[in-house]
């Protein structure tokens, strides 16, 4: 029995070798897919079938990927590296994947991305970088991504996102940005304007919730009026030169110096959003004019009613007093005639 089991295992091993499927993976020849998920792998299997179109490496322990890591699968279209331990990607890691369309890098430990990282992926359609520790993205990731339609960076440490990066994705239709540390200052106004245009053209995105400053914490970026964003201050012409000259002497400023604290607070608050008590708004102005007109009309109407009532009351009083006065004069005249007539008699 032991001999038969050994023979069977040898046959299975030889079949795997002949078919070109790694020992710890499952290969499906009909769909040209290789599933190596949940195998505790620390590196890419070296004997992947060259005709592979879909490669699943999810839920492993891969810490790093060398350059040309996928040279053995040049026709790869879908690559899933979800839930590994990747902290950095070298620029040439995806070199040779001219046909890759879907790249899943979620649930890793990536902190940043280099601009040259995706140069060799001209056909990329979906890029998912969610649930990492990415604090910033480069302004450009190479040539314009004409084919990219889905871009996800939710659940990271992003505070800002450059508009130029988004404009390099003209075909994008789905954009996921929520659960980041968005700093809603003047520098994020360009992102707000781009998102409004993106939604107007039919794009779909989730919410961008402000994490700072405290004035807008928890607020949706798209619901903050444009008027509350002051323009960012332009750096002075000599600022760069002075900073270079002072780099050696001011590399470690004295934390006890009040000037350094005040300067730090000033630099930090230059771009902070300062809400105005009453922003200029055409609707508010029109509403104010209408309400003022209505109030003035009511006051004028009340004054007119009061005037009519006063005049009527004055006329009635004058008529009444005139009748009393005429009756009194008649009475006096009659009393004055009686003694005259009696004396004649």
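Glycine is no exception: its Cβ is also placed from the backbone N, Cα and C atoms.
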* Which one of 199-237, 238-276 shows up in TrEMBL as region 'Disordered'? -> 238-276
* Structure fact -> Here TrEMBL annotates transmembrane segment, and of 157-188, 285-316 the range meant is 285-316
* **Overall pLDDT of the domain 'LRRNT' (20-54), taken as the mean** => 94
* Residue list, the domain 'LRRNT' (20-54) vs rest of chain: Cβ under 8 Å, 6 or more residues beyond ends. => 13, 60-63, 65, 69-70, 72-78, 80
* To do: Over the span of the domain 'LRRNT' (20-54), count residues by DSSP class, listing helix, strand and coil in order.
  => 0 helix, 7 strand, 28 coil
